Amino acid sequence: MANTAQLLRRQSSRDIVLKSQKSIDQLELRELRGRLVSKEHGVGHHHHTSLHHHQPMYGATNQGFMSDAFDESSELEQEPAFGSEASTSKAKAELVAGALEQQQDIVEGEKEGEERESWDSKIMFLLATIGYAVGLGNVWRFPYLAQKNGGGAFLVPYFIMLCIQGIPIFYLELAIGQRLRKGAIGVWSQVSPYLGGIGISSAVVSYIVALYYNTIIAWCLIYLLHSFESPLPWADCPTRLYANYTYDHEPECVASSPTQFYWYRTTLQCSESVDMPENFNYHMAIALMVSWFLVYICMVQGITSSGKIVYMTAIFPYVVLIIFFFRGITLKGASDGVAHLFTPRWETLLDPVVWLEAGTQIFFSLGLAFGGLIAFSSYNPANNNCYRDALLVSLTNCGTSMFAGVVVFSVIGFKATATFDRCTEERNGLMAMNRTQNLPVCDLQRELANSASGTGLAFIIFTEAINQFPGAQLWAVLFFLMLFTLGIDSQFGTLEGVVTSLVDMKLFPNLPKEYIVGGLCATCCLISMCFANGAGSYIFQLMDSFAGNFPLLVIALFECLSISYIYGVRRFSDDIEMMTGSRPSFYWMFCWKYLSPCAMVTILLASFYQLLTEGSSYPAWIAAKGSTDSMEWPHWCIVAAFFLILSSILWIPIVAVLRLCGIKVVEDSDPAWFPEAELREVHGIVPHEPTELERSIFCFNMDGTEGMCCPKYGLPEKSLEEEE
């Protein structure tokens, strides 16, 4: 929706006397204040209701939106005490009313449903963003990668990739969402009509990832429900009744372990390959329906209500991690586990795969390119310090990964030490019986290295360690409740990117947002039934390996290139200075234009090379062996993988080509209302003179243009002050 007050200002400058300009400025500032208050605090009310006093809310009384005009406009809200003051106030009110009548068709364009929601407080935004960025990968992916790729030495490429790829793109997404005040589709369409496909690609990949990510939440719900049983169902092998009416332990469980058997055979009901789905898993289907219903309940009221839920979902995992930390460090062998995690093996830094996995982990742990960060920041006040938010959330995410690594490996150290002690005791017993052949080999370091990542770490390794805790039920409840909250608040951010894009595109203009959320969750729930069978876990691995991997790298690469070479680094830096009061440093501009794109291209090429040379496989559960075997994906899975990748990224060239042919996939929309003139005045912004270094490195020209940039489209209109 176009900025009504700004359009009024343009028209009135031609038709109304200069004295009316001051009153309309006051109207614009009051409209700005109303736009940044949630619906329950004023959004959706008519203009005359904004004259009433209300409790200041986040964004409404922020200093970036205050000016002397507010003090002057407050005179209109007070009851005059003298006749002269009354006549003056009446004249001002009549003047504003006259201007509104002249532009009634424009004012009527501001419908109540088109007001954008806003966060109730800054802490709610930070918790929602941290909850979105900090997910299950911090707990079950980072510790495995660290101990596998050099221990403490892995932190070197990890933090280098954080600085040249993670924080710059995180900063970019927060800033562009706050500046253009739309979802991913609206943002990139406004940067250029030819780039609308970037937003569609983000929405598609978010939808696909949300499909299988909610499956993890369903698994956590199953384990959480059974954690209240005593004894825990995965603590011992189940028994089987034979034809001669005798009982014995399940042979498949004896060949593996109780935790493996419960995971593969009881929970997943795994078949022996992805080509054999076997029976429908009713328990899994019910868990999926419950998990999607919970997501719907949490999202249906929008960010002002679901944002309040993040107070629990974002804080509770840290409470549980702290509890497990103090429990873990008191266990026997905890120091061995932590030492194994962080002992540096510097020779691994020469392995390019280590750098590849560090860059990949940074990229996906921050939740980049999903569109969720852009959607979240679009609800912020226009003068929010997005730079500080980017640093805070990114460093919190990485700190959480390292802290979770300490917690996980203190428990793994305890499990490995217990296994090593049993092995040593058995070996000593055999030697005491003068047996010297076929003795068990006891190796503590091998046990420590025998950890898994992903679901194997959470549902097999960690649960086996919890079995040995006193009061195992309590620790199991805390652990799986933590995984549930970690998963569901990341799911909020992923789906919010889809919902915001659908709302901003106005694909369903007559449907309220809660109906859009309901339809989205219902279709996801229906499609996710493909995970409720014997091959469901294999389909999950297929989607996780391909759908949530390559497309995100391609989308983030195009985001970076679009800002650097189409929108322009100089213009983008001007916008950030206008919003925050401080200009991005040379380092961030260099990352956006050169370093970050080069890092992403390198990771993409290395990933494709690794895929072509090493291939891709999945671990299939073989019941006769009681273990997993690596199996190659069948041809139809390879085709499905290519379909998942192409269905996400092909929107980028398709939208551009169709636009060149005159076909609009994404309809043009007016720029969102933005208080550019007021922010410049508040921060005292003056035109930036490029330094000699900036002119030589970034091709900045003295006339304000920028070299190595394509022509810009859809530039916002100049304000009246700039025209004058």
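For all residues, glycine too, the Cβ spot is worked out from N, Cα and C.
Because TrEMBL annotations are produced automatically, they should be read as predictions rather than curated entries.
These features come from TrEMBL:
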- GLY131, ALA133, VAL134, ASN138, SER365, ASN397, LEU486, ASP489, SER490: Na(+) binding site (BINDING)
- 44-55: compositional bias 'Basic residues' (COMPBIAS)
- 40-64: region 'Disordered' (REGION)
- 123-142: transmembrane segment (TRANSMEM)
- 154-174: transmembrane segment (TRANSMEM)
- 194-225: transmembrane segment (TRANSMEM)
- 280-297: transmembrane segment (TRANSMEM)
- 309-329: transmembrane segment (TRANSMEM)
- 358-379: transmembrane segment (TRANSMEM)
- 391-412: transmembrane segment (TRANSMEM)
- 474-503: transmembrane segment (TRANSMEM)
- 515-540: transmembrane segment (TRANSMEM)
- 546-569: transmembrane segment (TRANSMEM)
- 590-613: transmembrane segment (TRANSMEM)
- 633-658: transmembrane segment (TRANSMEM)
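Annotation for the binding-site residues SER365, SER490: lowest Cβ count within 10 Å of the residue's own Cβ, SER365.
Counted as Cβ pairs under 8 Å, contacts with the transmembrane segment (280-297) are highest for 515-540 among 358-379, 515-540, 590-613. Looking at which of 123-142, 154-174, 391-412 has the most CB pairs under 8 Å to the transmembrane segment (474-503), the answer is the stretch 123-142. Beyond the transmembrane segment (515-540), the same-chain residues lying 6 or more positions past its ends with a Cβ under 8 Å from any Cβ of the stretch are 207, 210-212, 214-215, 218, 268-271, 273-282, 284-285, 288-289, 292-293, 295-296, 299-300, 455, 495, 498-499, 502-503, 508, 618, 620.
Shown in sequence order, VAL310, THR313, ALA314, ASP489, SER490, PHE492, GLY493 are the residues of the chain, 6+ apart in sequence, with a C-beta less than 8 angstroms from the C-beta of GLY131 (Na(+) binding site). Across 358-379, 546-569, 590-613, stretch 358-379 shows the highest tally of CB pairs under 8 A with the transmembrane segment (154-174). Spatially, the transmembrane segment (546-569) is not adjacent to the transmembrane segment (123-142); fewer than three Cβ-Cβ distances between them are under 8 Å for residues at least 6 apart in sequence. Tallying C-beta pairs under 8 angstroms between the transmembrane segment (358-379) and each of 123-142, 194-225, 309-329, 590-613 places 123-142 first. Of all the Cβ atoms in the protein chains shown, 27 others lie within 10 Å of the Cβ of VAL134 (Na(+) binding site). Less than 8 angstroms from the CB of LEU486 (Na(+) binding site) sit VAL134, GLY135, LEU136, ASN138, VAL139, THR313, PRO317, each of them six or more residues away in the same chain. Apart from GLY131, ALA133, VAL134, ASN138, SER365, ASN397, LEU486, ASP489, SER490, the residues listed for Na(+), the same chain places the Cβ atoms of ILE130, TYR132, GLY135, LEU136, GLY137, GLY367, THR400 within 8 Å of the centroid of those Cβ atoms.
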